[in-house]
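Positions annotated as domain 'Glycine transporter' by TrEMBL: A:7-79, A:94-167. The transmembrane segment annotation in TrEMBL covers A:6-24, A:31-52, A:58-79, A:91-108, A:120-140, A:152-171, A:177-198.
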Amino acid sequence: MQSFSYWIGFAGITAFAVTAVLVLAPKGIDLFSAIVLGIITAVGGGTIRDMILDVPVFWAADLNYLWVAIGASLVTFFAESLFTRREIYQLMLYIDGLGAALFAIQTVDKAWAMDFGRPLAPIILGIVTAIGGGLLRDVLSGRQTLLMTRELYATPVLIGCTLYVALLTWVPEHQAAGALCCVAIIFALRAAAIRWDLTVPQWLITKAKAD
Amino acid sequence: MQSFSYWIGFAGITAFAVTAVLVLAPKGIDLFSAIVLGIITAVGGGTIRDMILDVPVFWAADLNYLWVAIGASLVTFFAESLFTRREIYQLMLYIDGLGAALFAIQTVDKAWAMDFGRPLAPIILGIVTAIGGGLLRDVLSGRQTLLMTRELYATPVLIGCTLYVALLTWVPEHQAAGALCCVAIIFALRAAAIRWDLTVPQWLITKAKAD
Amino acid sequence: MQSFSYWIGFAGITAFAVTAVLVLAPKGIDLFSAIVLGIITAVGGGTIRDMILDVPVFWAADLNYLWVAIGASLVTFFAESLFTRREIYQLMLYIDGLGAALFAIQTVDKAWAMDFGRPLAPIILGIVTAIGGGLLRDVLSGRQTLLMTRELYATPVLIGCTLYVALLTWVPEHQAAGALCCVAIIFALRAAAIRWDLTVPQWLITKAKAD
């Protein structure tokens with residue numbers, strides 16, 4: 001399982017970097033900015049997590065995360081037309097969702113093992129890890145962050161992380177199976193949101209004025 | 001005093017979260033984003049402070065800060081019409097100012113006790129703690145940050161923190177009374193700014209071109 | 001050399017703060033915001049670096065960095081008309097470039113000596129240190145960040161840091177001379193970009209849609 005999640009992790013990093021370059025390309029960015037923003041999107045959330053946990057940042061111990069992010073950004077930059085093909089783009093969105101699910105549950109695991117502010121803080125950190133990189137990308141590139149859109153991205157993460165914390169609290173003997181289940185739940189919810197264009201329901205949104 | 005300031009701290013956290021949801025509600029945000037931005041506004045400044053001081057983040061050791069921020073965001077989201085009533089909103093602005101004053105002086109205390117870059121660095125950290133959460137909220141939600149407005153928010157904090165550092169330097173035996181006084185001074189200046197709509201005077205502002 | 005780079009460091013801090021106030025002045029900012037944004041621009045990159053390296057922030061150990069940033073912001077605020085004179089402004093741009101070059105190479109040195117994620121992570125941190133403060137300034141003031149422009153600012157830093165890492169890997173005995181050379185290379189490239197208004201060439205930029 002360890003080695004399996006290690007490889008899914010790289011698939012997630014790849015998808016984060018690829019989707020970053022794809023959403024920014026229409027604005028006209030240069031190669032260097034593409035790589036920088038690809039890296040920041042891919043490892044930004046985990047970096048904020050590690051700084052809050054006060055542990056060494058994960059990408060310094062294993063440079064493969066950076067190399068993969070750089071490689072994915074480079075390929076996307078030069079082969080943009082390939083990735084904007086509808087099927088490939090959709091595939092990337094799904095892998096991005098799988099990566100977010102995996103990183104969130106890994107983070108809950110890490111924070112829980114450190115006894116870091118149980119039970120609430122691990123959930124918060126899981127969300128930070130899943131959406132932090134995307135928030136940094138949007139802020140640095142002047143895009144509206146996903147917190148201001150109705151996209152269903154972070155809510156599945158919240159649900160999955162909360163379930164996993166409940167599981168760690170009450171049936172810790174099923175941790176491994178539970179982690180897999182929670183990753184699957186987050187991914188299923190996110191995949192459903194991508195597939196059927198689900199958004200946050202109207203009654204859960206404040207009434208915008210002058211809109 | 002310790003326990004008194006502990007409770008005022010929660011009032012401040014509450015006011016930070018409530019005002020965050022209130023300023024963002026007109027943009028039309030969903031429940032989840034309201035909670036995330038409420039938490040970030042409430043504990044963001046203190047988190048940056050703790051990361052710079054390299055001490056454990058304060059909300060991991062005492063989860064009540066997070067629970068209060070979540071509760072306040074939730075209540076505000078569903079009872080928005082209550083909080084937008086002029087008297088309640090004004091009350092929240094005053095409590096927000098009291099919270100900022102308290103957190104700033106607490107921060108100076110904390111940094112001073114750690115002998116962290118005396119005398120200047122504690123003042124800087126006091127300001128970071130007081131305005132950091134609001135800056136993060138504005139950046140993440142695409143609002144103009146208070147650094148670009150003429151609101152008198154940070155200047156009272158600067159004055160109070162500077163006074164408190166002077167006091168710690170020259171009359172350290174009056175620390176407790178001095179802390180109370182400096183909180184009162186920051187709050188009084190901020191309250192005056194709210195009450196009479198005071199802004200930064202014209203001669204302290206650069207001439208905007210094409211404006 | 002140590003003491004020489006110490007003094008160039010302050011020239012760099014000065015230039016960072018001065019250029020920050022100058023680019024923000026046309027938006028109409030107040031004295032307090034000018035100082036806050038001057039400080040953040042001057043020490044922001046190094047602060048992020050130190051937090052990632054998990055070492056004490058450099059400005060707490062030597063307050064002169066903060067005093068110089070405050071002084072430079074103050075002088076620029078009140079003597080803006082002096083600094084907007086073309087020759088002075090150009091001079092500041094060159095010193096800003098020299099400061100960025102120096103801080104980047106110092107950072108590679110620091111991270112390399114700590115054996116922090118060699119060989120890739122020191123380069124990343126060098127870039128973060130050189131452009132981090134400017135990115136924070138632009139995000140907090142609502143400007144487009146340099147990652148979204150075609151300015152040649154970060155690319156010279158990337159080239160110089162990469163060369164320096166190659167040198168540290170293969171000819172570590174020439175570290176001192178190599179550091180000087182790499183600072184000179186970054187500065188020469190940046191100076192050329194300022195002098196001849198060089199920008200990123202068209203074929204290294206994605207095609208902006210609807211533009």
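Cβ from N, Cα, C; glycine included.
Listed by sequence, the residues of this chain that lie at least six past the ends of the transmembrane segment (A:120-140) yet keep a Cβ under 8 A from its Cβ atoms are 16, 20, 23-24, 37, 40-49, 52-53, 100-101, 103-108, 111-112, 146-147, 153-154, 157-158, 160-162, 164-165. Remote same-chain partners of the transmembrane segment (A:177-198), defined as residues 6 or more beyond its termini with a Cβ less than 8 Å from a stretch Cβ, comprise 1, 90, 93-94, 97-98, 100-102, 104-105, 109, 151-153, 155-157, 159-161, 163-164, 167-168, 171. Predicted-model confidence for the domain 'Glycine transporter' (A:94-167) is 92, expressed as mean pLDDT.
Summarised by DSSP class, the composition of the domain 'Glycine transporter' (A:94-167) is 59 helix, 1 strand, 14 coil.
A Cβ distance under 8 Å defines the sequence-distant neighbours of the transmembrane segment (A:91-108), meaning residues of its chain 6+ beyond its ends; these are 5, 8-9, 11-16, 18-19, 22, 45-46, 49, 83, 122-123, 125-131, 153, 156-157, 160-161, 164-165, 168, 179, 182-184, 186-187, 190-191, 194. Shown for the domain 'Glycine transporter' (A:7-79): DSSP residue counts in helix, strand and coil, namely 63 helix, 1 strand, 9 coil.
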